[in-house]
Amino acid sequence: SGFSKHPGLLHLLFFTFCLIYAITIIGNLLIFMVTVHPSLCMPMYFFLRVLSILDVSTASIIVPKMLVNFLSEDRSISYMGCATQLYSVIFLGATEWYLLAAMAYDRYMAICNPLRYAIIMNSRVCVSLVLLSCCSGNVVSVVQTVWVFSLPFCGPRKINYFFCDIPPLIMLSCTDTSSYEKQIITATVLVIFIPFCLILISYACIISSILRISSAESRHKTFSTCSSHLTVVTLYYASGTLIYLRPKSSNSQDTKKVLALIYTTIIPTLNPLIYSLRNQEVKGVLIKIIAE
């Protein structure tokens, strides 16, 4: 049903999210083009390219269908289409959670072990971390999708959401889902909190190293290389946790829709802005490319 409760806003929402989707595609494409520049061959920029691919993929799975639903009377989605969308969203989301943890580890190695950084964070290690993130995301997605679609759906077939996700789907089940909700909470802890704890540990070590730097200017410069990543982690983990930690809570579905919008459409748009505006190297290469 998406946002059909507000028929007077559908056209405005269509143009708004059309613009957001265009900015997402253009912004992430620019980040990808900038980070393949020979002067940006550090592991951080390799991970940033992968992050851009994940963001574009997430937005492309959700936003085009949502735009069609804004203007169409037929807002249906097939059973297999719904399962595919759920699998894809969970896979990309979980992969990004793990990737953000890998990016935190990269920053830890760059700041706390600068002399060994190039040796430890070689191309094979970087590719392995990305593949491990993807494999972990795939396992999580397969398990969650199979669990959701093993539930009996014998009641209304109206999904009070703008895409197929766990919270609105389990609300359609005509059986007791309390045990399944516990499984989701367990999965949320494993998928979100374990990577988040690894990020916290990495940044605890990073902050400890930064505080030992005598020059205030050097401390500021070093911390600025981490500020973009910290901003994205805060936005991404906060919204994801609020959505999945209580999948069938008494919270308003409209609240969950807003959180899901932030999680799936707004953050992919903000990521290129956050990383480009706060990174002098990215801005410098971008200016060079535009000037050429």
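Note: Cβ is positioned from N, Cα and C throughout, glycine not excepted.
Just so you know, TrEMBL annotations are computer predictions that nobody has curated.
A quick note: this is a predicted structure, and the numbers were derived from the prediction, not measured.
The following features are taken from TrEMBL:
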- 27-275: domain 'G-protein coupled receptors family 1 profile' (DOMAIN)
- 12-34: transmembrane segment (TRANSMEM)
- 46-66: transmembrane segment (TRANSMEM)
- 86-105: transmembrane segment (TRANSMEM)
- 125-149: transmembrane segment (TRANSMEM)
- 184-211: transmembrane segment (TRANSMEM)
- 223-246: transmembrane segment (TRANSMEM)
- 258-277: transmembrane segment (TRANSMEM)
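Outside the transmembrane segment (86-105) by six or more residues, the chain places 44, 47-48, 50-51, 54-55, 57-58, 61-62, 129-130, 132-134, 136-138, 140-142, 144-145, 148-149, 163-166, 169, 191-192, 195-196, 198-199, 202-203, 229, 232-233, 236-237, 240, 263-264 with a CB less than 8 A from a CB of the stretch. Residues 2, 17, 20-21, 24-25, 28-29, 31-32, 35-36, 77, 85, 88-89, 92-93, 95-96, 99-100, 102-103, 106, 123, 126, 129-130, 162-163, 264-265, 267-269, 271-272, 275 of the same chain lie 6+ residues outside the transmembrane segment (46-66) yet bring a C-beta within less than 8 angstroms of a C-beta in it. Same-chain residues lying 6 or more positions outside the transmembrane segment (223-246) and placing a CB less than 8 Å from one of its CB atoms are 44, 93, 96-97, 100, 103-104, 107, 110-111, 165-167, 184-185, 188, 192, 196, 199, 203, 206, 210, 256, 259-260, 262-263, 267, 270-271, 274-275, 278-279.
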